[in-house]
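Peer 1: Dropping a structure here in structure tokens format, bear with me for questions.
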Amino acid sequence: MNDADFLKLCACGKAAAIAQALADGANPKAMDEYGETALIKAAEGGAAESVRLLLAAGAEINAAAENGRTALAAAVAKGHAEIADLLLKAGADVNAKDRQGESPLFKAAGRGDAALIRLLLAAGAKPGLSAADGASALMLAVQLGRIEPSPESVRLLLNAGADVNAQDRQGNTALLFAAKYGQAAILRLLLAAGARVNLVNRRGDAPLPLAAAAGHTESVALLLAAGADPEATGRQAASALVLAAEPPWGEPLPALVRLLVAAGADLNAQDQKGESALMKAAKQGHAALVALLLAAGANRELRDKRGKTALSKAMKNRHMDVARLLLGRE
């Protein structure tokens with residue numbers, strides 16, 4: 001059997017056919033044009049017996065494809081715990097990195113697979129490794145939270161010594177990602193582990209404005225309780241309060257705004273355009289929010305960089321109920 005046909009057989013995971021092919025002289029070290037070996041294909045396919053046969057026949061356990069992927073990384077990426085365990089016991093390099101600088105632990109973290117993370121850590125996986133872009137396994141575990149949160153994965157990595165304040169090349173931390181995606185349970189773990197609540201990335205984003213802009217009220221409360229600076233700015237040099245008054249996702253949340261006001265946020269902070277929270281609420285016609293901000297002491301006479309006030313913005317958009325509030329007639 002030629003190498004190409006044998007590789008297809010290994011990818012299918014038909015152990016009996018693989019055993020026969022090996023007995024007939026098939027090459028256990030066969031690889032395709034990209035360096036993907038028979039063992040990598042079998043590991044990815046999920047057939048443990050096929051992996052055992054190839055190892056017994058002399059397949060190189062740590063052989064890597066052109067992209068740096070090993071059989072262990074392939075198995076972990078697909079969630080094949082039995083095969084990962086088999087490869088580790090046979091001597092697979094648990095910290096081998098691929099071309100992106102990611103070890104198998106990154107693959108497990110990116111899946112939020114606590115069982116695989118536990119297995120890899122027990123085998124000596126290093127939680128402090130960084131990928132080519134500076135990201136850590138912890139960051140990947142946290143980023144998964146936007147789809148399917150896995151606090152247990154985060155807890156395992158932190159307990160193993162992952163640097164909670166590690167930054168990628170863009171300056172992002174695990175806490176920044178958790179704040180952005182509103183993962184309160186994960187935020188608690190990171191804060192308890194000593195995450196720096198006011199650390200910013202290269203764009204100047206701090207955790208609090210990210211959470212506020214996304215409308216994550218519980219996350220904002222946690223960050224404020226941990227000492228987040230209510231004056232920290234995010235996109236367009238806007239404070240958390242300004243961002244909360246005009247969120248990109250829909251209606252502003254009065255409860256979130258109240259939290260920020262109670263924490264001492266500057267009611268008259270302005271973004272790059274000179275707009276304050278009151279101006280943003282007024283131009284959108286959010287009467288309840290305008291009333292809240294006025295009651296807290298927001299300056300209704302403040303002007304943006306074009307000389308416009310909250311009243312002129314409300315009038316332009318025909319929000320007459322808001323205009324009456326600003327004129328003190330309601």
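From the backbone N, Cα and C atoms, a Cβ is placed for every residue, glycine too.
Nobody curates TrEMBL annotations by hand; they come from automatic prediction.
TrEMBL lists 34-66, 67-99, 100-132, 133-169, 170-202, 203-235, 236-272, 273-305 with the feature repeat 'ANK'.
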Peer 1: Can you give me the average pLDDT across the repeat 'ANK' (273-305), rounded to a whole number?
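Peer 2: On average, pLDDT over the repeat 'ANK' (273-305) sits at 96.
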Peer 1: In the repeat 'ANK' (34-66), how many residues does DSSP assign to helix, to strand and to coil?
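Peer 2: Once the DSSP states are binned, the repeat 'ANK' (34-66) shows 17 helix, 1 strand, 15 coil.
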